[in-house]
Amino acid sequence: MRAADDPPRRGPGVCAMRGSCGRASMFGAELPCPDDGDATEASDDLLSLMSTVCGPAYELPSSVCCTKDQVETLGERMQQAAPLIASCPACINNFRSFYCDFTCSPDQSTFLSVSSTQKTTDGKDAIKSVEYAVSDEFRSGFFDSCKNVQFGATNGFAMDLIGGGAKNASAFLQYMGDERPGLGSPFQINFPEIETEYNRIPLSCADSDLNARCACADCPSTCPSLPYIAPPTTGGCRVGAVSCLTFSLLIVYSVAILVGLLFYSYKQALRHRQRRYERVALLDPPISPTLNGPPSGLDGLVGRGDDSESGPSGSIHFRLGRGASLLDPMEHLQPKQNKINATLRRFFYRLGLTCAKRPIETFALAAVVIAALNIGWKYFAVETDPVRLWVAPGSASAEQKHFFDEHFRPFYRAEQVFISQPGGSPINYETLDWWLKVESDIDALESDGGVTLQDICFAPNGPGTACVVQSVSAWLGDDLDTWGDDWRDRFASCASRPGECLPEFGQPIEPRLVLGGADGDWLNAKALVITYVVDNFNDDRVAPAEEWEQVLEKYLEGLHRDGVRISYSTGVSLEQELNKSTNTDVKIVVLSYLVMFLYVSLTLGGGLPPSVISSSLSAVWRGARHLGARLKLNNPPPPRVAPTTTISAIPTLLSVNSKFSLGLFGIAIVLIAVSSSVGLCSLLGVRVTLIIAEVIPFLVLAVGVDNVFILVHELDRQNALHAQDAPPPQGLGDDTDDEDHDEMAPGTSLPPEERVARAVARMGPSILLSSVTEVVAFALGALVPMPAVRNFAVYAAGSVLLGAIMQVTVFVSAMALDLKRAESMRMDCFPCIRLRPPVGMYESPTPSGEGVVAKFMRRVYAPFLLHEEVKQLVMVAFGGLFLVAIIGIQHITLGLDQRLALPSDSYLIDYFNDLDSFFDFGPPVYFVVTGTDATERHGQQQMCGRFTTCLELSVANSLEAERKRPDSSFLASPPASWVDDFMQWTNPTFESCCRVRKADPSVFCTPRDSDRLCKPCFADHEWDITMNGLPEDGEFMRYLNQWLVSPSDENCPLGGRAPYSTALSLSSDNASVAASHFRTYHTPLKGQADYINSLSAARRIASDIEHRTGAKVFPYSLHYVFFDQYEHIVPTAIYVVSLALVAILLITSLLLGSWRTGATVTFTCFLAVTTVTGVMGFWGISLNAISLVNLVISLGIAVEFCSHIARAFMGAGSGVPYDKEGRREKDERAFTALVDVGPSVFSGITMTKLIGISVLALTRSKLLETYYFRMWLTLILSGALHGLVFLPVLLSYVGGPGYALEDTDEDWVTSQMRRPMDYEYAPFADTDSMLSDG
């Protein structure tokens, strides 16, 4: 007999512990006794029991160190873990072998030793701790076989539950050996890393044996490899720091400049040789008045000429300027007329004459039409639903969302709160204790209608059960005092092993869901994250939830604690905040409109005659000289000659010549057009969007005001053309004069109606060109399926069309009335008051002088721009601008940060900032499967992933394979595979899961039924990992319906009610599965690019699964419907812009009468839009629905800048010679176009838009500042640069042949003779010849 103080016996066949010595406490588990006796022979009953508990892979010994009671207890404890790991035979069999060896091995003492004992309640010595020496091979092999086993119900891993989330073998064994209730040990088991005789060979999940081999989902080494897919962030082809495209363009651009320089040098050399030849030819000069006579102003009018004897080539080559039609043969002139232009002129002449003669009838008819159109306002509605804004009703995303909502239920509403402490962590006793009390208050909140959280929350275990609240309160309860000083240990333990701290709703909470910014250091997390999950509906059932959310929002708004930062969002927050102030800076927007109104109204006036300006300046100069003489600084001025007009005439002239009221009327017409368009579209059922409300009035005003400027400026020109040399009739200032004075304007040869009609006839085709092109460009946007863009296009096209029609009708009548008012010396704004004309006002026959802009354009800008070297530099510069734009386009990002759309003081901005900073968990994504019969084995194999006969790349296996490359798939969590968990639930080895009555197997047992009354459902059936014996057909649906109502608890965590009750949609007759989804989670999405790429990746994955399995699959996540637009926005933008450019080409070519000029205008518009797009990349403007709308707008505005100049260029043909080379003639016509309409384009288009948009620089709204100020400023400057700089130059090279805008030569001659100082310049005379003359 061994003495009591002798060391325990050790060796083969010797035990270390055996039997049961009682409990350490009343509620403790049975503890084994220390026993170093020999192993005893096992009875048949014991071996049979061991065969069941230890599994088929365990080799039963002939002798054991355990009793039957011990094995039964072991079996009960292993039943808790078995459902978690049973899908992988290697893991569960290693798990069984590990504990069966520990409990029953006959050689127990060779690897197990008792390190301490304790007294039981019976006074016996029982085991307190042991040392279990496991070989390194088994230690690592055991861990490797289990570390990847998934538990689909939580989208996590079994290791989180059985191993506490261990990352290595030592941590895994330590977790299992720690003394604790549940899956822990009843006594402490330590695992020393020493030499040991425990040499069991671990099973590998990749072994071919059915008792070991695991499916791909649980064993990555058995997974097929997927083809490589580069992450979306991977850059494309690059050469150093630049892309291959940029590098190629740089090479092409550099080569082009080099070739241009070489060609220029060659031309200069030829010109130098020609000069030397001409100097020799001058020894025998021909008789030519232009060469022998003194230089005269006619050189600028006619140019310099060479006849057949004077030129070295012997050919006749006229180089004539404007006015040459009086001197040159007809065959050298441009075509006199263009048929389309002549037809349009006649039409607009008649239209203008009718409207001018019958203003009352015009106003009345317009009022009737406007009133009829505005009736539609009664149907006015604003679309605020983001789904209806960004997704076409028939699009895939809309249909998929509708399918998901209808078959599974709408995605939950979330009430989320972030608690942080700047500069510290909220994980301290005071903050946690405060917040737990706040949660208790929230739980007790009740709306006026009596709605509480319990009434609306998502309760996965059924109505009346616990709500899903993701918070640290799930770990700490509602009172921190419960844990006392140990609260930090409890907190850290639950964060590390959430499976041990289950909340009331029964699902473990991933610590990243409730602790933000921790990076694994949970006790120093930067924020607490609290999420209340609320049921959602698409009908009136959602009203109670919204009612309670209003109460919650008010409570959180008033919540405050010093040193604590609180940010939050409720289910109603986003829509409320977006609608609270759709125009965040209403004052700024209104000020922008008012500035444009004021500018237009003030700049339309005719100003002062030159005589008044000259007289005023002379008076100021003489006054200055008199002051200098008095100060003895200079001599007194000579005696003054009496001026023809005094300074006192200025107020009278300003009050008469002002067109303030006409400008306001023009603006009113634009706004009426917008109102009528809204009425018409509302009548047709087209809803207004926030983009339309903010942009359309500004757009139509910016686009429409230039027509007002052009018409008024052309009328001023007509007044100047037809001025008489006679003074006005006497007595004009007498109020008793007869009406004839109002009918016949003083000093004019044509009545006002005729002049108005001529102005309309001349500018009407130009207005038609720009308006039709804009309307078509905007209307093409209606082809875009995105409702926000489509509705904008419809409203914009309608507004511009109605505005243009009213401008050539109603505004024309107003112009005629205003002209009569001015010529009868009636005050602007107060036409009932007539003023006496200033003395000497009409003694000079000189017509109205040029404005500053017009004079600068004619004298400085046009001659400089059209100089040959300058033109070449312009082409080079704009080529470089195009290259820079292409580089910028490559940096454009997609998306619209919702923070930009919120009011600047919105509490949601803080919430979204905290969401980005602290929330480290991605949104859920559901892969919805239809078109497969889950009751048949093949259909099951198409979806499953945990059985060896599943398709190699089934739905579950494909999702698991994609999860392993998160950079490309944006998937972070294992899929929740309902079919696998359901099949595992029927596993007969899990005696607490699927159970039926022993007496009547057709009746299922409930969780409360006693084990002696029940048996496993498939106890008498074949069941293995190859799917043999698993339910099919009607049997499948019978068990499935029971599984969907079975709870998930510690006895059977595979129950389907909580995790999968909403994952399946059964057919109406309950005979099949109509649709089901596989849930997983995205990686944390931190920016717009991540959200967009996650959608693209999910759709790619679904498409691949469809191709591999034959099942129909589509992905769904809450954000997909909002980011669906970005899947198509790039091709949509290209499509719309391309169609608009084609439309511009066709319309301009037709109405301008030249395909070359039409192509030139189209190319210029293309470059302008390209420039705008390039600036977007450099200035941080993302591509989204708003910027796409602005790109369409930029085309319309580019047409505004280009069409008028292009038509003036084409109409400059009268009297401009058509030389053989065409260069000199095109320069003259480009010069004429710039002089004629350049000032109107600059002041009426550029400045109006620029002044209006500049006010938006003051805005505090990031949305207005980014997408309106930045982008509109860019498109205005781009349009002006391309229209006023690039287009004239390009037209001078490739423009088509021109034609006359005037009907007769007399009209043209009059226009030239009335143009002041028009013949003193010769901008395109041959300077080389002039030099040679000297």
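Using the three backbone atoms N, Cα and C, a Cβ is placed for every residue, glycine included.
The stretch that TrEMBL tags with transmembrane segment, taken from the ranges 360-384, 1185-1209, is 1185-1209. At the 8 Å Cβ threshold, with sequence separation of at least 6, the transmembrane segment (1133-1152) lacks contact with the transmembrane segment (245-266), having fewer than 3 such pairs.
Below 8 A, the CB atoms of the transmembrane segment (662-685) and the transmembrane segment (792-817) form 3+ pairs separated by six or more positions in the chain. Among residues of the same chain six or more beyond the transmembrane segment (792-817), those with a C-beta under 8 A of the stretch's C-beta atoms are 348, 351-352, 355-359, 362-363, 366, 373, 662, 665-666, 669-670, 672-674, 676-678, 680-681, 686, 688-689, 691-692, 695-696, 699-700, 703-704, 707-708, 711-712, 715, 752-753, 756, 759-760, 764, 767-768, 771, 774-776, 778-782, 784, 1189, 1192-1193, 1196. Long-range neighbours of the transmembrane segment (873-894) within the same chain, counting only residues 6 or more positions beyond its ends whose Cβ lies under 8 Å from a Cβ of the stretch, are 242-243, 245-246, 249-250, 253, 256-257, 260, 865, 1088-1089, 1092, 1126, 1129-1130, 1167, 1170-1171, 1173-1178, 1181-1184, 1282, 1285-1286, 1289-1290.
Remote same-chain partners of the transmembrane segment (767-786), defined as residues 6 or more beyond its termini with a Cβ less than 8 Å from a stretch Cβ, comprise 344, 348, 390-392, 394-395, 703, 706-707, 710-711, 792-794, 796-797, 800-801, 803-804, 807-808, 1125, 1128-1129, 1132, 1135-1136, 1139-1140, 1143-1144, 1147-1148, 1151-1152, 1185, 1188-1189, 1192, 1195-1196, 1199-1200, 1203-1204, 1207. Taken as a whole, the domain 'SSD' (585-817) shows an average pLDDT of 70 in this prediction.
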